[in-house]
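Participant: Features from Swiss-Prot:
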- SER10, LYS42, LEU77, LYS91: substrate binding site (BINDING)
- SER10, PHE11, HIS18, GLY92, ILE93, ARG94, GLU102, ASN126, ALA127, HIS128, VAL129, SER130, SER131, SER132: ATP binding site (BINDING)
- HIS18: site 'Transition state stabilizer' (SITE)
Amino acid sequence: MHRIAVVPGSFDPVTLGHLDVIERAARMWDEVHVLVVHNPDKSALLPIAQRVALLDRSIEDAGIAGNIVASWSVGLLVDYCTDIGAHVLVKGIRSQVDVAYETPMAIVNRHLAEVETVFLLPNPANAHVSSSLVRQVASLGGDVSPYVPAAVSELLSSS
């Protein structure tokens, strides 16, 4: 049986914490779709196509590209999972706040399409990193290179 997982997120921008979760998921499943999804509750810094391109480059640069596909969707996440035959969502969880936010969605996803959600704890080195923190530091001219892949750091430092 070919096991497919989806790692969804806004990835605005992709961080080293995201790459850690993606890499670990790629070791656990045969195929991993890293899915850039539109979050109506967030104001995007980067267009979706640019986020997918940054994911592709970051995954390639990290040397973990073998069984990983970067894509995007604006529809219902479980519909994407059904379309590709995935039964698992993988989410990184940094704190109780993330657990409280993700748990109701995990329950609904299981109800809608029998898609399970697996939570991965962060590497301690990345536990404090979030895309919103990166955006804030970058907007104030700070160095984000310790928190993001080189492609993202280059883009944000040139903006």
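Backbone N, Cα and C define each Cβ position, glycine as well.
Walk me through where these features lie, including what they touch and how far apart they are.
Facilitator: In sequence order, VAL6, PRO8, LEU35, VAL37, LEU89, ASN109, VAL115 make up the list of same-chain residues 6 or more apart from LEU77 (substrate binding site) whose Cβ falls under 8 Å from its Cβ.
Taking Cβ-Cβ distances under 8 Å and a sequence separation of 6 or more, the neighbours of ILE93 (ATP binding site) in its chain are VAL99, GLU102, PHE119, LEU120, LEU121, PRO122. In the three-state DSSP assignment, the secondary structure recorded for ILE93 (ATP binding site) is coil.
For HIS18 (ATP binding site), applying a Cβ distance below 8 Å and a minimum sequence separation of six or more within one chain yields VAL7, GLY9, PHE11, GLY92, SER131.
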Participant: What residues, ordered by sequence, lie under 8 A Cβ-to-Cβ from LYS42 (substrate binding site) and sit at least six positions away in the same chain?
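Facilitator: Residues satisfying the criterion: SER10, ASP12.
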Participant: Using DSSP and collapsing to three states, where does ALA127 (ATP binding site) fall: helix, strand or coil?
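Facilitator: In three-state terms, ALA127 (ATP binding site) counts as coil.
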Participant: Between VAL129 (ATP binding site) and LYS91 (substrate binding site), how far is it from one CA atom to the other, in Å?
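Facilitator: Answer for this pair: 15 Å between alpha carbons.
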Participant: Could you state the CA-to-CA distance between LYS91 (substrate binding site) and ALA127 (ATP binding site) to the nearest Å?
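Facilitator: Distance between the two Cα atoms comes out at 13 Å.
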Participant: If you draw a 10 Å sphere around the Cβ of SER10 (substrate binding site), how many other Cβ atoms fall inside it, taking every protein chain shown into account?
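Facilitator: That number is 20.
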Participant: Count the Cβ atoms, other than its own, that fall within 10 Å of the Cβ of SER131 (ATP binding site), considering every protein chain shown.
Facilitator: 23
